[in-house]
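Contents: one structure, followed by commentary.
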Amino acid sequence: MEPEAGTNRTAVAEFILLGLVQTEEMQPVVFVLFLFAYLVTIGGNLSILAAILVEPKLHAPMYFFLGNLSVLDVGCITVTVPAMLGRLLSHKSTISYDACLSQLFFFHLLAGMDCFLLTAMAYDRFLAICWPLTYSTRMSQTVQRMLVAASWACAFTNALTHTVAMSTLNFCGPNEVNHFYCDLPQLFQLSCSSTQLNELLLFAVGFIMAGTPLVLIITSYSHVAAAVLRIRSVEGWKKAFSTCGSHLTVVCLFFGTGIFNYMRLGSEEASDKDKGVGVFNTVINPMLNPLIYSLRNPDVQGALWRIFLGRRSLT
């Protein structure tokens, strides 16, 4: 604890992250599991990115967004897992106040970007299926870049808002965070000043950040579903479901865990459920995304096989 300059309060200089397990016997198991998950996630997402870059058939708007999503997945898991692995190796569970805020900022930057990028991908599928004749014009490279740039701008604003709001809170008592990374709900519980305004801000911004994209995604897929029902060929159905089904699975996983995590701030203590949701948000989702998108997509599968076998595309 260190005294705050110009005040009579004391401020927490560092937090203690309790992590996923407290028993020393389980820590090597957790280390191995998370190291494996991290390497699989990095390898899977970089493979998807490489396939998109080298395969001419994948130089399409849908895969441009998928490549961006792969970069986000790598960033999301890198914000939390390497630091946790380092603490397990060094047997030190502390994180400085500044490092905690930095982790909070980058986590919400990437999570916010995920929200908007998934929305852009839904819009892309809407245009491809409902407006096929004008799709290339409506989803030009300029439009793609504008959508990604706007997503980054909105995500940055969201992350900065929460980080600045968090920096106004005072921490002068307990400093044990019942989690394996710094996040809003757990830090709210440790603050010795009122968090009512911060929680209200989280609900308001969360409604905009999650609610608006979710409404746009549902609207897009309502039109897509109506268009798919008019398709008479079995091949057309298969193609629509192969692209839309993967995206819908990722949307359900991402928004489902996110809403559960941030829309239940009334509980007095952080529980193991919060840690489980945190593992899903930061580890499981980024690890599953490459598998989900490649499992139902023969073009991605073919490109990945050619990369692994060292063959060039015939197109």
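Even glycines carry a Cβ here, placed using N, Cα and C.
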Exercise for the section: Look up the topological domain names in Swiss-Prot for THR23 and ASP299, then state whether they lie on the same side of the membrane. Expected result: no
Handout entry: Listed as N-linked glycosylation site by Swiss-Prot, one of ASN8, ASN45
Key = ASN8
Handout entry: Averaged pLDDT score, the topological domain 'Extracellular' (265-275)
Key = 62
Problem - Leading stretch by Cβ pairs under 8 Å, where the reference is the transmembrane segment (30-52) and the options are 61-82, 104-123, 200-223 - result: 61-82
Practice task
May I ask you to report the DSSP-based helix, strand or coil state of CYS100 (disulfide bond)?
Solution key: helix
Problem - Ranked first among 61-82, 104-123, 200-223 for CB pairs under 8 angstroms with the transmembrane segment (276-295) - result: 61-82
